[in-house]
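As given in TrEMBL:
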type     : residues  : note
DOMAIN   : A:67-278  : domain 'ABC transmembrane type-1'
TRANSMEM : A:12-36   : transmembrane segment
TRANSMEM : A:73-92   : transmembrane segment
TRANSMEM : A:104-125 : transmembrane segment
TRANSMEM : A:205-225 : transmembrane segment
TRANSMEM : A:257-278 : transmembrane segment
Amino acid sequence: MNKSNARLGWLFASPYLIYSLIFFLFPLLWATYLAFTNWNLIAPDYEFVGIQNFIQAFFTDTVRAAFFVTYKFLAMFVPIVVAGALFLAVLIHSLPKFKGLFSVAFFLPYLASGVASAIVVNGILSYNSPFNIWLRGTFGLDINWLGSSLLAPLIIALMMAWKFAGYYALLFVAGLESIPKEIYEASAIDGAVGWKRFWHITLPMLYPSFYTVTILAVGLMFGIFTEPYVLTGGGPDLATHTWQLEIYSQAFERLNAGFGTAIAVINSVVTFGSILVFRKILEKWGAKHGWE
Amino acid sequence: MKKFSMRLIMLMVIVSIVASGCQSSSSGGGSGSEDGIVTINFWAAPNPSQQAFWTDMADKYMKENDKVKIEVSPMPESPSSEAGIQSAIAAGNAPTISENISRGFAAQLAASSAIVPLNEIDGYDELIKSREMKETISTWKFSDDNQYVLPIYSNAMLFGWRIDILNELGFDAPPKTYSEVLEVGKKLKEQDSEKFLWARGDLVKPTWWARWFDFFMVYNAASEGNKFVEGSEFTADDKAGIETLEFFKNLRENDLLLTREATDPFETGQAIMSDIGPWTFPYWADKFPEMKMGENFELSMPPVPDGVDPANAKTFADTKGLSIYASASKEQQQAAFDFVKWVYSNAENDMKWFEETNLPPARDDLSTNDTFKAYFDKNPQLVIYAENIPNAVPPIDNEKTVEVQELIGKEALIPVLNGEKEPKAAWSDMKEAINGELK
């Protein structure tokens, strides 16, 4: 690369770099600094409290709940959304016509407002909804969907999966489109057809898409806010209390901005660590199938 | 090449520092005065009707006072108006004055010296007198004897009762005491076991503000308005508190509560009692025009324990008001206060507010002043709200309001409703937890 090309590259990249500096790097540094103070964002004075906020976070039951609840969401959401997105992608890919139209149709839930879809789900699951009246009348089943510690997170995970499956399916469709036909032809000669072909050829060949989708899905679970905020408020018994709900409550309801940012910093470290672990697992799986 | 890259990076850092430092120069801070004209920023609640009201008032005031410039804008909601205000103060962009301030949030702001005591501003007594709000504002006094918020409206929260169903059950008026409520409930269950007395999903949610519309409505009635927290002291009435929890326990044991989300349970007759504020009526006019006071619903103050006179019942006041920010200059603070004083010196302006927002102005004379008579004649359901403004207790004025109200739910109300604790033990646990929090 010659000098003028490099200069041009820097020049073209500079708007995004400036944007990142203003909206990501400075706030990150500022938040890290705040995490070591007891500032509430409105008082004229505040003190440096060292690592006190971080120690307090480890002894706060709501922070501990947020930690475990996120992994519970992960365990529910990631398999559902990956399987759902893959199913949609295969469905779209196998269509003889109108692939684009169906791709867009399945992508639409991604554009829906979280608040609006939470309100719709709330209506569907309400005690006197036609669905629940039918369940009670036909099977005698009276299910407290959002009042159960097991069902409430599952419903939120399903809702999120509905929203993101279409988006992630696009990534899988791109992956499916990029598998060379020759590989299928060669495998057919070796007797790999139908389910065998899907399991031994298609899935391993989709590794790059799996990698992207899984990492995106894992990262997403550390940032859930709207759905539990609207549907459950973090209950019942903190069963849907996420990191973002805790950060919001501490920083903006209790006005403990210093403590809230300390939790946000812990959240970023946990997110980073978790993504790293998932990356390693995925890379091992990839390496097993020839992806280095 | 390296030199160029380094220069470019340095340039980007400088540009971004300058850009991030660029803030609106029209903040409440600074002198706000130029060429003898005082500029004040007024943040209105983020809804069109309140914004329209304040914009109209500001325009009229500026016509009469050419030395004041009032810039009315909606307060940011990111994600709540409180968070928006907090961020603005942190960024040095606080307005001069804003509405939509609850008493609990004002306590948090006052504890950090972010708002000023209104009673120390010239003209305060005159305003209270001219707006006829001496009695209403007396319950708003903060523990340091100052007034940080001027209440604009006050919704005395009431219970709505399906009078048509009560009549079918053989009652001709809403019940006033706990035993009367339970009697109604038992008759209701005998008639239709699928129906409930009160359907409220928020009852078992940990959301702190939900306690205003369940626990505090019933507690304020039972305690005749006793203060729950005074300064940093837990001062709640133990007897009334335990009776309140006993009431909830009895409702649960008799299967009279639906603690799940339900769509319009009161309107559809699934439940016959509901906590109702004046904001419900425009919704009904739109979606349930058949809901008519006297025909299928009545309004009443919350029930009281047996042995307590229902005439002394108090309730929760859903109320918000105006605060002036400490970051504004003295000149701006006075100008903002003078504007408010001008608005409230004329009852017609309160009438205009009432018409546009349906929120009852926080005045002692609302139900007796002739200015409002025609409006009440057209909207008889609002009369009882107006009459009970002096009987409505505003929220706790403690900077730990959120923590206190979360503990009410976590330690007392929710465990009692789930059958996990007895009322006495629940009250004692809650008291201990709140005392620990307030220390």
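Even glycines carry a Cβ here, placed using N, Cα and C.
Note: TrEMBL annotation is automatic and uncurated.
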Stretch-level contact, the transmembrane segment (A:12-36) and the transmembrane segment (A:257-278), CB cutoff 8 A, at least 3 pairs: yes
Cβ-Cβ under 8 Å with the transmembrane segment (A:104-125): same-chain residues at least 6 beyond its ends: 88, 92, 131-132, 145-146, 155, 159, 162-167, 169-170, 225-227, 230-231
Positions whose Cβ lies under 8 angstroms from the transmembrane segment (A:257-278), at least six residues beyond its ends: 31-32, 34-41, 46, 49, 53-54, 56-57, 63, 66-67, 70, 74, 214-215, 218-219, 222, 243, 246-248, 250-251
